[in-house]
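Take a look at the structure below.
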Amino acid sequence: MELQARASNTDFHRDPYGYVPTEWICILFIVLFSLSAIVHAGQATYTRLFWLFPTICTAGILEIVGWSGRLWSSKNILAKSPYLMQIVTTIIAPTFLVAANFVILGQMIRRLGQCYSRISAKWYTIIFCSFDAIALIIQAVGGATAATAVDQNKNPNKRETHADTQGGHIMLIGIVIQMFGITVYMALAAEFILRYLYDRPVRASGDRPLAAFSFDRKHKLMLAGLTFSSICIYIRSVYRTIELANGWTGYIIHTQRYFDWLDGGMITLAMFTVNFFHPGFLLGPARTWATGKEVDIPLKQMDSDIA
């Protein structure tokens, strides 16, 4: 009886996923996220853009943990720990990636002319990163609450007593808030670029473009990478919203290919996009960001600094 009770506390009585995660797919995503995160860490160190560690690198680490949980589940589908681990980490990981995109666009606005933006570069970063932080907290609380409900063999979308909190619905609110923030961010970014291209400033007295910078090939590439990365994250947010709205016992959450393609696949593309269209190489190293002047650091000098 004691062994049976212990097993019931550590394992589910039925498959919580609605499928068994495919082992090779889990391994593939662990390898991809590990590779991207390691490269990001090296790029952040090389360019001295250390804010990439608490943003993109953290997103990569959380995705690795989440997909490791799914790999564990492929070996033991009834184990609670890996399922709970992947619930929380995969829901909050992209939030850190979104924050990096906000910072990058804020820097581009500062360089190309804040007069073309409805809000200043400083407040752009503050407002949207704060928005992102709120979404992160709500998703983390919802994920933890949902995990607690699942751990007690309850449905995270239902209240079995008046004291129960609907963790699944809290997660949904966090995702919706994040998606709303990304929508506004992309709309304002599109308006900023159009106003810049057609020279239609929002405020005649606003800060004009910095003399050291122009909308050259590097800035165009950075904008292209930022756009593609944001679209990937947005697709993932739409998917997660529909998934959670459909419920924890619905068809969408119980279909593995949707999660693999629209969550794991989209975040993988977003992370590798920033690897290839890296702000440290296209917008310059940390000194360029701080001084507002274009700085080229010789490769030998950077190597000696790192050594």
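Cβ from N, Cα, C; glycine included.
Some features that TrEMBL has for this protein:
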TRANSMEM  22-42  transmembrane segment
TRANSMEM  49-68  transmembrane segment
TRANSMEM  83-105  transmembrane segment
TRANSMEM  126-150  transmembrane segment
TRANSMEM  170-198  transmembrane segment
TRANSMEM  219-239  transmembrane segment
TRANSMEM  259-277  transmembrane segment
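When Cβ-Cβ distances below 8 Å are used as the criterion, the transmembrane segment (83-105) is approached by residues 12, 16-17, 51-52, 54-56, 58-60, 62-63, 65-70, 72-73, 124-125, 128-129, 132-133, 135-136, 139-140, 142-144, 146-147, 150-151, 171, 174-175, 178, 181-182, 185, 189, 222, 226, 229-230, 233, 236-237, 240, 263, 267, 270-271, 274, 279, 283 of the same chain, each at least six residues removed from its ends. If you look at the transmembrane segment (126-150), the same-chain residues 6 or more away from its ends with a CB under 8 A from one of its CBs are 16, 80, 83-84, 87-88, 91-92, 95-96, 98-99, 102-103, 119, 156, 164-175, 177-178, 181, 184-185, 248. Beyond the ends of the transmembrane segment (49-68), by six or more residues, the same chain brings 26, 29-30, 33-34, 36-37, 40-41, 43, 82, 85-86, 89-90, 92-97, 99-100, 103, 264, 267, 271, 274, 279-280, 285-286, 289 to within a C-beta distance below 8 angstroms of the stretch. With a threshold of 8 Å between CB atoms, the same-chain residues lying at least 6 positions outside the transmembrane segment (22-42) that come near it are 52-53, 56-57, 60-61, 63-64, 67-68, 70-71, 74-75, 256, 260, 264, 268, 271-272, 274-275.
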